[in-house]
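K.L.:
Shown below is the structure under consideration.
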Amino acid sequence: MAVGAMFPGSISTFATSSEKCCLDFQVHCGCPQIRMFKSSTTRISLSSIATSHSQYSCLFSHRRFMRRLHSTAISPSIDSSQSISKLRIKCFLVSEPASSATIRTLKHDKLMVFCKGHGPHSDCVGIDEKKYESHAEVFSGEVLLGQAATPDMASQEEVSNGVSNKGTPSELAARDVVGKASAISRNWVLPKRWVIVILCFFAFLLCNMDRVNMSIAILPMSAEFNWDHTTVGLVQSSFFWGYLLTQIAGGIWADRIGGKQVLGFGVVWWSLATMATPIAAKIGLPVLLFVRACMGIGEGVAMPAMNNLLSKWIPLSERSRSLALVYSGMYLGSVTGLAFSPSLIHKFSWPSVFWSFGSLGAFWYLAWQRFASSSPLEDPKISAEEKKLILGNNIKKEPIKEIPWKLLLSKAPVWVLIVCHFCHNWGTFILLTWMPTYYCQVLKFNLMESGLFSVLPWLTMAIAANLGGWIADTLVSKGVSVTNVRKLMQSVGFLGPAFFLSQLSHVTSPFSAVLCMTCSQGFDAFSQSGLYSNHQDIGPRYAGVLLGLSNTAGVLAGVLGTAATGYILQHGSWDDVFKVAVGLYLFGTLIWNLFATGERIFD
C-alpha cells in the first residue's frame, strides 16, 4: 500500500510499494520539521532537516527499531548562494527481525548497496555484522549515504568511524552526536593500489616508446649507414641480448628488495641508453649494438618488477584488469612511438626521436619516487581500510630470502608458462620490430604512412587488453574457475593471431593487409588475461621470478625471431615469416589447454 503526502515547499513523496520506496526532497533553507513517511513494509520517520553553511543534514530514524537510532548525514553539492536544492533519494527497506537487518536493493539505475559494520575494524560487506546494524548506500549523483544503528554503550571511536566506497569517506552520525552530524565528503580519492597501477602504466608506455622508435628510425639509419637486411636484423635483435640477461635477475632482485627500486632503476637505465643511441650509431656498429644491449638490460627488469608490485598491491578480483591496464601502456607506447617518430624524423632528423623520448624518463622517475612503495606495508599514506582489503587474501607479502629453484622447475604449470611465452613472443616481437618495414617494402607505404598504419594494431591491442581484463574478472566474479578463464583468454590470444596472420598471404590490397595485422594484434592482447596473469595465479609470492623465467624464454623468442626474420627475408619471403609464427601459435594453444592451471601451486 502506497501512501503519498505533500508538504508544500519542503517535501513530496510518491511511488512506494512493499518492494521499494522513494523520497523526492525539495529542501528550503530553514524548512519546518517533517513528520512521517509511511509504506506497507516499513515506517520511516523524518526527524528533522537542519542547515549548516551550504550543506544540509537530514537525520533519519526507523521506527521499527525502537531501541536503536538510525541517523544519517547527507551532503549534496549546494552552492551557498542557492536557496533551494532538490535531492532524490532511493531508500532501502529493513525487514524483520530487528536484530538482523536485511537490505533490499533497487535493481534499476544500477543502485549499489554496501553494508559495513560500525566498529573501527569492521570490513563486513553485503550484510550487517549483527552488532550495530550499519550500512551505507551509494545514490545516483554520487552522494554517499551512511546509516548507523548504534546502541547506548557504543564508544565515540565507534560512532565516528567512517564508511567508504573505494576511498570515498563518510562520517556517520549516531544518537550521541545528534545536532552535530558531520557532512559526508564528496571528494573522491584514487585508491593507492591504482596509483601504483597507473604509474606502472606510464612506465610501460615509456618502455615501448623507447623500444619501437628504432623500428621507424631504422629506415633512415639503414639508408645513411648502408645496412642490408641482415645488419638491420642484427641491430634490431641486439636490444634482446641485454633484455635476456636481466629477466630472471630482475625477478630475483624485485622479490628480494622490492619492485619500487628495481622498476625505478630500469626506467632510468633504459632512458639514458635511449638518449645515447644516436652518438653510438655515429661512432660505429659495435658501439651501437652495445648501447642497444644496455637498453635491453634496463627494460628487462621492468616486467618482473611490475609483476612483483602488482602481486603485492592488487587483490585477485582486480588482477586481470590491473594487468591489462599496465600492458595496455605498452601498446599505447607503441602507438605513441610509431605516431610521433615519423614527424620528428621528418622535421628534426632521426636522432631527435631518441633524445626526446629518452628524456621523458626523468619526469616519470620523480613521480615514482614521490608516490610509489614496494608494498602496502611500506606505504605510510595508505588507508587502513585499503590495506586490509589488499592484505586480506592471506598471501605472504614479506620479501623472500631464498628462491626454491628445484621446486619451481619441478612443476608442469611453470614449464607451460615458459613454452607458451616463447610461442607467444615469437609472433609478437616480429610484428613489433618488422611491421614498419613490411608496410614500407611490401605495401609500398612511405615513411609517414608506415608509422601511422603501424599505430592501428597497437591501438587495437590497448582497447582489447582492457576489454579482455574486464571479461576475465567478470567471469571469475560469477564463479567460473580461474583455470577455465585463463585457458579461454589465452586460446583467444593464440588462435586469433594465428588465423589473421595466415590470411596475409591471400590478401590483395594494402587495406586488407593492415586489417589483418590489426585484428591479429587485437586478439593477441587477450593474452594479458591468460598467460600474463597466470604467474600471480600459481605463485603470487614468486610472481617476479616466475615472470622472469617465462619471459626469458619469451625474450629468447624475440632474439631468435627478429634475427631469423632478417635471414628468412634474405632467402625467402614474408609468407615464410608468417607461417613460422602461425605454427608456434597453434603449438602453444595445444600445450596451454592440456597443462595450464589457474590454481595456486606455491605457498
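Yeah, the Cβs are placed from backbone N, Cα and C, and that goes for glycine too.
Please treat TrEMBL annotations as automatic predictions, because they have not gone through curation.
Sharing the record's features from TrEMBL:
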DOMAIN    196-600  domain 'Major facilitator superfamily (MFS) profile'
TRANSMEM  194-218  transmembrane segment
TRANSMEM  238-255  transmembrane segment
TRANSMEM  262-281  transmembrane segment
TRANSMEM  287-310  transmembrane segment
TRANSMEM  322-342  transmembrane segment
TRANSMEM  348-367  transmembrane segment
TRANSMEM  414-435  transmembrane segment
TRANSMEM  455-476  transmembrane segment
TRANSMEM  542-569  transmembrane segment
TRANSMEM  576-595  transmembrane segment
K.L.:
Among the recorded stretches 194-218, 262-281, 287-310, 455-476, which has the greatest number of Cβ pairs closer than 8 Å to the transmembrane segment (542-569)?
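P.N.:
Between the stretches 194-218, 262-281, 287-310, 455-476, 287-310 has the largest tally.
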K.L.:
Who are the long-range neighbours of the transmembrane segment (348-367) in its own chain, taking Cβ under 8 Å and residues 6 or more past its ends?
P.N.:
199, 202-203, 206, 209-210, 213, 216-217, 220-221, 224, 264, 267-268, 270-275, 277-278, 337, 340-341
K.L.:
With Cβ-Cβ distances below 8 Å as the criterion, list the same-chain residues six or more beyond the ends of the transmembrane segment (287-310) that contact it, or say none.
P.N.:
196-197, 200, 203-204, 207, 210-211, 214, 234-235, 238-251, 253-255, 258-260, 262-263, 265-274, 276-277, 280-281, 319, 322-323, 326, 374, 535-536, 543-548, 551, 555
K.L.:
If I count Cβ-Cβ pairs under 8 A between the transmembrane segment (414-435) and each of 194-218, 262-281, 322-342, 455-476, 576-595, which range comes out on top?
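P.N.:
Looking at each of 194-218, 262-281, 322-342, 455-476, 576-595 in turn, the most contacts to the transmembrane segment (414-435) are made by 576-595.
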K.L.:
At an 8 Å Cβ cut-off, counting only pairs 6 or more apart in sequence, do the transmembrane segment (322-342) and the transmembrane segment (194-218) clear the bar of 3 or more pairs?
P.N.:
yes
K.L.:
Restricting to the domain 'Major facilitator superfamily (MFS) profile' (196-600), report the mean pLDDT as a whole number.
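P.N.:
88, rounded to a whole number.
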K.L.:
Under an 8 Å Cβ to Cβ limit, what residues of the same chain, 6 or more beyond the ends of the transmembrane segment (576-595), are close to it?
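P.N.:
Tertiary neighbours of the transmembrane segment (576-595) are 412-413, 415-416, 419-420, 422-424, 426-427, 430, 434, 487, 490-491, 494-495, 497-498, 501-502, 504-505, 530-531, 557, 561, 564-565, 568-569.
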